[in-house]
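Accompanying notes for the structure given below.
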Amino acid sequence: MAQNQRSKSIIDSLGEEIIRIIAPVSICMFMVVLMVCVLNTDSSDSASSSVPTIATIAYAETGNDSWWDKLKGALLNSLVFVAVITLATFLMVLLFYFRCTRFLKFYMGFSAFTVLGFMGGEILLFLLEDFRIPIDCITFLVVLFNFAAVGVLAVFMSKMAIFVTQSYLVVIGVLVAYWFTLLPEWTTWVLLVALALYDLAAVLLPVGPLRLLVELAISRDEEIPALVFEARPVVIEDSGPGGPATQRRVWRERRNIGNSSGNASIGSNSTTNVATFPAPGSNFAPGSVLSVSSDNNNNTRLISTEDTELSAPLIDHRITLQSNGLEDALSSESWSLERIGLGSAGAIKLGLGDFIFYSVLVGRAAMYDLMTVYACYLAIIAGLGVTLLLLALYEKALPALPVSIALGVLFYFLTRLVLEVFVVQCSLNLLMF
Amino acid sequence: MEASQSEVNPNPNPNPNTNNNVNRNSIMSSAPLWPTIDGPLGLTEEESLSYSRRFYKFGYALLPWLWAVNCFYFWPALRHPSSFPRIRRYVVGSAIGFTVFTALLCSWALTFAVGGEDLFGPVWEKLVMYNLADRLGLTGWS
């Protein structure tokens, strides 16, 4: 083995960083596919249960319309949805601009509680009914209450155990994604494409709300008050003169904490290089507007994807390095690494909206067949890889939805229309597969 | 996701004066430096104390899961009996509370599930969750 431990390059940690973002995305998608397969075995696709939501407010798809009507209806739905999301995102930017962070944090906690408590509860009930598990209501309520309360704390408090926070974020993503798969089919696909386009616009255009949000956050050196999945940064054991003290990456803290180290001679390097991916969708403001309101008259309920704050454009955020004389050699090297955004202290952030819409795509693919699931999964991961590459290249906030959704939708339709026929015929004639 | 990696760090060197005496590579330290399971990414000791205390107190609001998270988060304090005495009090208390509560809840749930109607009579039908969901229409929209 090479004795020169200083020569750790970006290659050493690159794989680990990427795995740490792909693993939770994959887990989220897997859970959604599992739930779709388990819970939707008896319902047929054409008889789509028209769940009254904001996404179907313009047009409720029935199985008997002509495809042109369905397309028009789906387009209308998506337009309404994207408009609502845009409004909500702009609202959020406004609130952030006026420093109403307390309100935003409170809203985050509230939406997390709603998603975990109510949506999670509903899905648990579905499972209980499907499997006829004899749990009594007291146990059920205690367990659900616990789950939701700790989830709110994990989302609220920035200093909870990393594993717990990440798990709860993934769970929230799974729950919301599952609810989205309950939308009618045409609406789902058109919505995905519309959101990918919205994402592209919102993050890259100078007037886009997500870009404004990111720039505000960077200029103030604050965290975006949103539900963002942050991968655990890779801590490289470097044998620099400072020793492990120099590697104290402050989880989620953006400021240099050299002052607070107490011991001046340490000069702790709080380098939090954060390469974040804001999920344009993440500014999942849409969720915010979809409030749960039960209309007493006709008993309709709007789906609340209260994850308004599920937005976070891809950010490549570099924090200034604070080093004292001893660590100059070390810091200059790690600084050059961190400029790329995936350096030794890099933590990739992916907005929760990305998780959700990837999983929605895969969940919808699962409603057709598992073949499409495999194809779409590979497409999405490839898209995510491309996006990470672009992030490393451009070092600024990038939308994570467009590439993956484009590839995913393309692969879905190709598989369904072209590949399936081929595979089925080959199998029937015992040629292959 | 992945389990925590840096549970116990090799003894770091906070004071350069004792540089020569401490072998940085010795992982024989029985005293972990960081009280949280996240290691250097986690909290400092003072913050840990306040967090641990808050988790412990909030757990009394019928939140055994919070106690469990407390134990998980401050695992190094639990694992090494001689470290972080102030934090350890709360973590041990949380562990005990969690075990007791879980034992009670599990025994009740099992009694309910296994006993069924024979044990409870007609009340069982009223209490079981899927019936309750049907009656209240909680899953009404699917």
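Cβ coordinates are placed from backbone N, Cα and C, and glycine is handled just like the others.
Taken from TrEMBL, the feature transmembrane segment covers A:21-41, A:74-97, A:106-127, A:133-156, A:161-180, A:186-207, A:374-394, A:400-424.
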* Any chance you could find the range in A:106-127, A:133-156, A:161-180, A:400-424 with the most Cβ pairs under 8 Å to the transmembrane segment (A:374-394)? => A:400-424
* Asked: So which of A:21-41, A:74-97, A:106-127, A:133-156, A:400-424 is most in touch with the transmembrane segment (A:186-207), counting Cβ pairs under 8 Å?
  -> A:74-97
* Asked: Which one, A:133-156, A:161-180, A:400-424, has the most C-beta pairs under 8 Å toward the transmembrane segment (A:106-127)?
  -> A:133-156
* **Sequence-remote partners of the transmembrane segment (A:400-424) [C-beta within less than 8 Å, at least six residues beyond its ends]** => 189, 192-193, 195-197, 199-200, 277-281, 314, 350-351, 353-354, 357-358, 361-362, 364-365, 368-369, 371-372, 375-376, 378-380, 382-384, 386-387, 432-433
